[in-house]
Amino acid sequence: MFAILIVFTSLLFVLAACGNESEQEASDSGSGDTESSDNEKAAEEDSGKPYIAIISKGFQHQFWQAVQSGAEKAAEEFNVEITFEGPENESQVDKQMEMLRAALDKQPDAIGFAALDSQASSPLLEEADEKGIPIIAFDSGVDSEIPLTTASTDNYAAAALAADKMAELIGEKGKIALVVHDQVSVTGAQRRDGFVETIEEKYPDIEIVDVQYGKGDHLESTNLAKTMMQANPDLAGIYGSNEGSAIGVVNAVRELGKEEEVTVIGFDSGKQQIDAIKDGVMAGAITQNPEGIGYETVKAAVSAINGEEVPENIDTGFYWYDQTNLEDEEIQAAVYE
Amino acid sequence: MTTDIANSHATAQKKYFKGTGALQQILAFASLIILIIFFSIASDNFLHWSNIEGILLSTTVIGILALGTTFVIITGGIDLSIGTGMTLTSVMTGVFIVYLGLPLSVGIIGGILSGACIGFISGFSVSILRIPPFIATLAMMMIAEGLSLVISGASPIYFSDIEGFNSIALGSVIPGISIPNAILVFFFMVLIGWVLLSKTIVGRYTFAIGSNEEATRLSGINVKKWKLIIYTIAGCFTGVAGVIMASRLNSAQPALGMGYELEAIAAVVIGGTSLSGGKGSLIGTMIGALIMSVLTNGLRIMSIPQEWQTVVIGFVILLAVYFDMLRKKNA
């Protein structure tokens, strides 16, 4: 018992020392900035810079790291302090709520928020609204009037483009299936609906035989894409709606040796998808502009803090990339390894 | 004294196997057969060799985890750290092979040893520090989850440039027959585990501790030492699962693994190992893991919505535990 106490207290000391150090650094870096502020916001007093808390949907995918790097770029450019965090897993709605609550308690000047579940977050968003903290939604958007603006890809339109490409590549006829990352989030739903509805409206000879959800988990998505091909041996194409889903489909096609038969279309980016496109296992993929999302989020937050008008929606754009344009400058800026 | 209790336990084990205990295994095996027949009738595409191969391949990772954790559960303990522990071992394998450039074989052994380390620490907390297994391994689960993210910098480690890594799981060593190595590794682990559990002193003490820890201790057996060994063995299985997963995905994904421990425990329970300790078998666990993946695969092939798949699997676990209770009442 005594030993544990010693370990515990020494751990606390180490943590306390770390905490002090970073506070010290923060106040040092902010000391040159003498702009006076009339509120009592703790973060601002420490550093002198406006503080923006950014809550993303996760950080396990390279995508979020690209968003973070875009946000950091903007933070440097506009001289603001940011924090960037997200749950480990994109199904942890509850964990994200706790992060948003903690962010509110820190009294930031603005919050950037990518909701895993719009409904679940609305009470906290109202609380932020009452406190006068501007909210900038990013990535998937938030189903609420409260966010001043949303910096995001038009996922529905992007998925529709994926559907058009799929139709073109399989000759506008045959069976196809979807591996979607989840059915709860707005991105999951839009990337499914944009694809499904485009196929149903424009391509009567294409049949969607199955839609399954793999949580964006690589192994889970591999196993389920494999089963889809077993259930439908004549499947012409599969669309994977995010990085983990698309990699799962690629793994499955490779494991079954169906590289020549099944057209794979992905979403997002990452080393394995880029390699799969180079190898010809994946026909192509849609990429968002994650750095742009991060950058525009912080930029909009700064405008909001300064009391400037912000547009209702900020479209951060998307691209189709395949073997033919992978090396283009525009694509290289939007894909990430 | 020591050999006495070991011998008496060995006979008890034989009796158990002949008696009511075999019921659960027979039930599990019968369910597996019934499921296979049902899905073969329900879908033409179920009983194809490539689908069966797919089922076996998707059993490997959870299955190997379940085998290791069977030992721990028979002692009356539980190991919640196996899911994220497996992730940590896959990340460590990446560190050894990709970052440090060590040869493939050294990296694989390193990965398995990392698993053993995780098991050793869990075992140390449980046996020496006397922390309840649920809490000790829950803590280990979180430590492993955090460390995976820290060590990998929260981004995947790719093995794409490492020639031959992918074929650890997906290549086939037997010429002429295309069975992925991962499946062979799984059955090999079943064999190793079965020998350990039913033919060696480790196995005898595993059952003895689970049946009555105090009596085992009073008979002069160093329960602390053996528990430490048993958790470390379970950790080795975690390490093997980690290497197999990394190889199959050709990458170490630092945020996977959470929740895999529950699937593994479910397989153990369906296989007839009692969560209250003292009873269980590795063949049962193998059948349990196969039931889980046959069920998932079959429901998917029938295009049953995923939400319902989860509900069905939940019911199966409920049934398995109910039969376990019936057995105990009868015994």
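Including glycine, each Cβ sits where the backbone N, Cα and C put it.
For reference, TrEMBL has these:
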- B:21-42: transmembrane segment (TRANSMEM)
- B:54-75: transmembrane segment (TRANSMEM)
- B:82-102: transmembrane segment (TRANSMEM)
- B:108-129: transmembrane segment (TRANSMEM)
- B:136-159: transmembrane segment (TRANSMEM)
- B:179-197: transmembrane segment (TRANSMEM)
- B:228-249: transmembrane segment (TRANSMEM)
- B:255-275: transmembrane segment (TRANSMEM)
- B:282-302: transmembrane segment (TRANSMEM)
- B:308-326: transmembrane segment (TRANSMEM)
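Distant neighbours of the transmembrane segment (B:308-326): 23-24, 27-28, 266, 269-270, 272, 274-275, 288, 291-292, 295-296, 299-300; these residues of the same chain sit at least 6 beyond its ends, with a Cβ under 8 Å from one of its Cβ atoms. Take the transmembrane segment (B:21-42) and the stretches B:54-75, B:82-102, B:136-159, B:228-249, B:282-302: counting Cβ pairs under 8 Å, B:282-302 has the most. The stretches the transmembrane segment (B:108-129) and the transmembrane segment (B:228-249) meet in space: the count of Cβ pairs below 8 angstroms, excluding pairs fewer than 6 apart in sequence, reaches at least three. Taking pairs at least six residues apart, the transmembrane segment (B:228-249) and the transmembrane segment (B:282-302) share fewer than three Cβ pairs below 8 Å and do not count as touching. Three or more CB pairs closer than 8 A are found between the transmembrane segment (B:82-102) and the transmembrane segment (B:255-275), so contact between the two stretches is assigned (pairs 6 or more residues apart). Non-local neighbours of the transmembrane segment (B:179-197) in the same chain are 53, 56-57, 59-60, 63-64, 67-68, 70-71, 74, 167-173, 203, 206, 233, 237, 240, 244, 247-248, 281-283, 286; each lies 6+ residues outside the stretch with a CB under 8 Å from one of its CB atoms.
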